[in-house]
Amino acid sequence: MDRDDCAGKKQEGFSVARMLEERGVSRRDFLKFCSTVTAAMALPATMAPKVAQALDKVQRPPLVWLEFQDCAGDTEALLRSANPTVGELVLDILSVDYHETIMAAAGHQAEANLEKTVKEFQGKYLCVVEGSIPMKEGGAYGCVGGKSHLARAKQVCGSAAATIAVGTCASYGGIAAAAPNPTGAVGVKEAVPGATVINLPGCPCNADNLTAVVVHFLTFGKLPALDSHGRPLFAYGKRIHDNCERRPHFDAGQYVEHWGDDAHRKGHCLYKMGCKGPATFHNCPTQRFNEKVSWPVAAGHGCVGCSEPQFWDTSPLYRRLPNVPGFGIEQNADKIGLAFAAGVGGAFAIHGAMNALRKDKEPAADEETKEGGE
Amino acid sequence: MSEKKFKQYIWELPVRWCHWVNVLSIVVLAATGILIGNPVFIGSSTDAYLMGWIRFIHFVFAYAFAVSVITRMIWTFRGNCYAGWREYFPFMGAAGRKEMKEVFDYYTFRSKHPPETTGHNPMAATAYFVLFLVYWFMILTGFAMYAEHAPGGTMHSLLKPVYVIFTTQQMHLYHHLAMWLIFGFVINHVYSAWLMDIKEKGGEISSMFSGYKFTTSPYAVCKSRHWDFFPWKKKK
C-alpha cells in the first residue's frame, strides 16, 4: 500500500494513520513496525500489508489493565519498551480506560471509568491482568476500591472479549503462589474458568509479545493459536535451549563450571550452572528484551525458567535438576540414588555371605511332579 | 549329587534376544544418561560435538530399548507359556502361590530347600512386572523429553498425557531417579541369578544364552496355566 492510499482515508474520528501522523511517526516507521510484529507472530512476510491494513481500519477497542498481587513489573516492562510505536499502539490505538499505575484519574472517578467500560462495552473490551488472584478466605487477601481481587476478576475478565494474562503471576499464580501459598494465589484462568484467557508468562512478560498479541487480535479479531498452557505458540512454541546462541557450546561439551571461570568469560554453555533453557519454552533468544539488546543467557546468567508453571517451586536456580521432594535441601537425586544402590548392594552382599555359609538340602524330585505336566 | 536332570527348552529366541538387547541398552542408556545429566567431559573446541554424539547414542539406544520392550510384550501373547503374560502374576494361581512361598522361605533363610523353578522364579516374575512399569515410565518420560524439540509434532501430540501429569523439570528428575531404581533391580537380579544358578543347579544363567534349563522332573511345569484368584468366582 502506498501513501496516497492512506491519505485518501480521511475518515471522521479516529484513524491510526492520522494519529501516528500527529505524533510524528512516519508511514515508513509504521510499516516497519507492522513487518516486525508480523515476524514476531511467526506469520509470513506477505501478511505484513494485511496487518497494516487492519491496523488502519481499527476502531479503538477499550482496554482495561487490572493489577492484582503483582509487582507492576510487567507495566514497567511495557513502559520501558524502547520501540517508539509500541507505546503508541498499545497505549494510544487502544483506548486505555483504566490502568492503576499510569491513569490520571483516582479514587471513585477511576472506579467509575472501569464500571462504565465494563457496562458499555460488554464483551468487546480487552482486559490485561497483571498479578495473581488470592482465592483463600473468599478472596480476602487483596482488594481495590472495596472489592476483592476475585470479585473484580470475575466481573471484569468474565465480560471481556479476551483477557491477556501478562506475567507468570497472572498466568499461573507465580511467586505469590510459591509453597505454602498462604493466600491461595492462582492465575486468571483458574480464578475465572469461563473467561477467554491468553497467558503471556515471563518475569516480566516480553512487551513485544504483548504487542504482537494485541495486533493479532486487532488484525484477525481473535487470539493466536495457543499451547496446552494457554500460551501463544508464536512466542512459546520453541524451547529456549533450541534457539540459544550458546547451544553450539552445549553440543560441543564446553561448559561453565564456576562463575567467572575461563569458560564463563568465553561465553560457554551455562547448563552446569543450572540453566533451565532445556526445560523452558519462550522466544527470549530470538525476541530478546529492551530493544533486542540482550536476554539473561546472553548476559551470562542461566535461564531460571520463569515462564514455566511452578518454576518457583520445582527449580533451584543454580542446579540443573529439582530437589527430591521429601528430602533435605542438599540431597540431590544422584546422592539419594547412589545411597539406594549402595544399600541394595550391601543387603545382597550380606545375603550372599549368609548363603555361602549355609548348607542346603538337595532338591527332592518327588515334589516337582505333583503339579502334573506335559 | 548324582541326581538325574532333564533338559527343558524354556526361553525362546525372542525372549533371549529381548533380554540381551535390554541389558545392552540399559548399560548404554545409563552411562550416556549420567553423562548428559552431569557432563564431566570437556570439549576442546566448539566443533567437538561431544555432547551431541552422547545424546545421539542415548536416543538411538532409547529406540532400541523401546522396540525391545514392545517386542517382548507382544511375545507375552505369542510365545510359549513361560513367556506368557500370566507368568508375571504368579500369585493368581495356587501353584504359583505355593512356589512363591517356597522361594520366599528359601530367600529369608526359613527353609533349607532350594526351590526348583522351571520358568520364572515367582518372586522374580512379580518384580519383572514392576520393572515393566518402570520401563514404561522411562520410555514415556524419555520420549516426552525428547519430543520437546518439536512441540506440536506427532510424538509430542501422542505423548500429551505425560505433559499433563509432569512438568518438564519433574520429568527430568523422575527419569533420573528411576534409573537408580533400575540399578537397584540389576544388583538384585544378577545376584539372584547367580545364587539360584549355584543353589538350584538348573543352569539358571546359561539358560539365558541357550534357552535350556535342567529340572529333576521329566515334565516341564508351567505354573501360570490356571488362575484361581478371582474372589467373585466360587470354588467348586
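Positions of Cβ are set from backbone N, Cα and C atoms, glycine also.
Residues annotated as domain 'Cytochrome b561 bacterial/Ni-hydrogenase' in TrEMBL: B:11-211.
The transmembrane segment annotation in TrEMBL covers B:20-42 (among others).
Annotated transmembrane segment per TrEMBL: B:48-70 (among others), in sequence order.
Same-chain residues lying 6+ beyond the ends of the transmembrane segment (B:127-147) with a Cβ under 8 Å from its Cβ atoms: 59, 62, 65-66, 69, 73, 88-89, 120, 153, 155-156, 159, 162-163, 166, 168, 171-172, 174-175, 178-179, 181-182, 185, 188-189. Per TrEMBL, the feature transmembrane segment maps to B:127-147 (among others).
Proximity of distant same-chain residues to the transmembrane segment (B:173-191), defined by a Cβ-Cβ separation under 8 Å and at least 6 residues beyond the stretch ends, is recorded for 26, 29-30, 33-34, 37, 124, 127, 131, 134, 137-138, 141-142, 145, 166. Look at TrEMBL and you will find B:173-191 (among others) tagged as transmembrane segment.
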Model confidence over the domain 'Cytochrome b561 bacterial/Ni-hydrogenase' (B:11-211) (mean pLDDT, whole number): 91
